[in-house]
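Over in TrEMBL, the protein carries these features:
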COMPBIAS  742-756  compositional bias 'Polar residues'
DOMAIN    7-180  domain 'CSC1/OSCA1-like N-terminal transmembrane'
DOMAIN    374-646  domain 'CSC1/OSCA1-like 7TM region'
REGION    733-762  region 'Disordered'
TRANSMEM  6-28  transmembrane segment
TRANSMEM  101-123  transmembrane segment
TRANSMEM  159-177  transmembrane segment
TRANSMEM  376-400  transmembrane segment
TRANSMEM  420-441  transmembrane segment
TRANSMEM  468-487  transmembrane segment
TRANSMEM  575-605  transmembrane segment
Amino acid sequence: MASINDIGVAAAINIVTAIAFLLAFAILRIQPVNDRVYFPKWYLKGLRTSSIQTGGFGSKFINLDFRSYVRFLNWMPEALKMPEPELVHHAGLDSVVYLRIYLLGLKIFFPIACVAFTAMVPVNWTNKGLDRLKHTNISYSDIDKLSLSNIPNGSGSRFWVHLCMAYAITFWTCFMLKREYKNIALMRLQFLANDERRPNQFTVLVRNIPTDPHESVCELVEHFFKVNHPDHYLTYQAVHDSTKLSELVQKRKQMQNLLDYNINKHMRTQSKRPIIKMGFLGCCGEEVDGIKYYTSMVESLTREISEEKQRLRTGTKSIVPAAFVSFKSRWGAAVCAQTEQSRDPTEWLTEWAAEPRDIYYDNLALPYVDLKIRRIIVAIAYFFLTFFFMIPIAFVQSLANIEGIEKAFPFLKPLIEVKFLKSIIQGFLPGIALKIFLMFLPRILMEMSKFEGFVSTSSLERRAASRFYMFQFINVFLGSIVTGTAFQQLNRFLNQSANDIPKTIGVSIPMKATFFITYIMVDGWAGVAGEILRLKPLIIYHLKNSFLVRTENDRDEATDAGTIGFNTSEPQIQLYFLLGLVYAAVSPILLPFIILFFALAYVVYRHQVINVYNQKYESAGKFWPDVHRRVVTALIVSQLLLMGLLSTKGAHKSTPFLLVLPVLTIGFHMHCKCRYLPAFVTYSLQATMIKDTLERTREPNLNLKAFFRNAYAHPEFRVGEDLELEMAVEKPDKTPELVSTKRGSWRNTPLPSSKHSCPYSP
């Protein structure tokens, strides 16, 4: 179990590491050769030009202005200077709402920490509960005397302080959550009202289109919406299964990169042609000219891509029962997206279409009936993944227990007993081990989300974030507490009656704060500082720049701006909310470490949002209800855990007063859900009508059909092609008085429409 000395050593290691990362970043960012790595967003916006093009040879790569080294830390105040409205315009509302999560953490935990250290820590420290348990073989350290564990069982008057603290934490957290929910809902509504015209404002995604023996999917879509939305329907875009086309385009891109590499290699040594081997991994087999081989491969794949595009344009077999339907007004789209379209609730399912860059086209081709099966499969796989991950969690907790290591490996005892090494093992190693085990998990969860069939990147990330949070709650939080307690108090468990085991757990759980402190320092301090250093993108950029880049366009492609990574970063933040709320009334020594994390992360990620990250989509803060719900869940967990701990400590009089807190918190959540959630899932008809009216007044001759043309075309159709010729577009000719249909029972439907062929069309 980590002592104060162990925590001090771990803190020193992580602080030195974080400072080293920040200093390295401060120096590397001002070097001209690294400009595209640390300021890629400005290059993508066209507001910054490369400094390598001008100056002498040395100044192209190294900053020779020594005054800039004196001001190398000015990135911190600069990151805080940009006002929030300007930041919304510069980076989007999603990025601003994400940054407000860190501010919310500071607003919640800083006042709580002040009250806890003023009122609760003296109460915990002045007791002798742990000293009285020395004869019971319970393992503890001096730092645990600041926790609830140090209060003797049955000290009813002392526990009233923790009870009052629980009420204060609940009311303050709920107050801040409600205020933030209200502010972000208003920000979202204002952003949508002021937002420029986008295709997704007029478009709905229609899925599970029923089959018809008389009409193709394209004809069926046109007929259905011209009959049921005669005054507002404008056009549609069919969805094709373009899996093969995507594979061909990706393969051609790989071959083109290899061709560029061989051409660059030949330009450096023109006397020698590049030679490649055709055998296993290029290590054996027939030798051929690299440039000629990859040139022929690119030409062959280009022909195959053209043939596949032609097949998709002219055929109907690749069309899937889904389509993007656009309307003449936002009001018409809102009515369609938020109402039931058919008497059969399983057909003609509509939802708001995500913006074109947010669409995950690979999943649009999935049959809608398969989605339920896929989600059941993923749920089973997720259960087993969560269950078997308990094994590495148990291993991590074994590292935090010196006694367990010495018993398992007695030959290491002389080495482990060295004071400095012991401090590193208990104060630093468990946190870094857990961080390593969690490194590959987000990618696995994202692949699970893709398999489930979500059709937008934002929904994929929100789903993966939800699973990652639940995974961390079960394994990192509950798993660490259960396995850590078992390892630390194993001897006590084996030598006491079953009735005394809950009391031992009640004493041990608050003492697990030391493990979470080590994890926060590794992940929250050094990890955040490592994020701003961008070591991996820095190395990859310079490798590409050395071997693949020939032109400025190549250099732009080599620049990896990255994104916030909502599916990985937001669940990590929520873990800190959970730890802070749980241990605020149990072991408040954790709070300063969490506050420092939120402060450092806010400055770092604000800098990254301004200068680095280039978001792939804009959802206007649609993820905030998930953030709110998880914080509320953490608050309820903290209340239940405190209730259980007080019951094991014999506080029978004060414990019943905690029963009302979960009820009040759930009621608060339901109130916020009813009051603010609609702003994140629906669009009011009033707001859409206002925006439509203003737009018609300002642009009376606006041609929306031209605006929607190919807006939702598959990205692979946009590679090197003229979309005007690539796609067949509905012609704006006059509509006849009758709906033309091939179904005998529906002929002469008295509503306007026109006959439409079924190519790949919008």
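Every residue gets a Cβ built from N, Cα and C, even glycine.
Because TrEMBL annotations are produced automatically, they should be read as predictions rather than curated entries.
When each of the listed stretches 6-28, 159-177, 575-605 is scored by C-beta pairs under 8 angstroms to the transmembrane segment (101-123), 575-605 comes out highest. On the 0 to 100 pLDDT scale, the domain 'CSC1/OSCA1-like 7TM region' (374-646) averages 81 in the predicted structure. Beyond the transmembrane segment (159-177), the same-chain residues lying 6 or more positions past its ends with a Cβ under 8 Å from any Cβ of the stretch are 104, 107-108, 111-112, 115-116, 119-120, 123, 148, 151, 581, 584-586, 628, 631-632, 635, 638-639, 642, 646, 649, 651, 654, 657-658, 661, 664-665, 668, 672.
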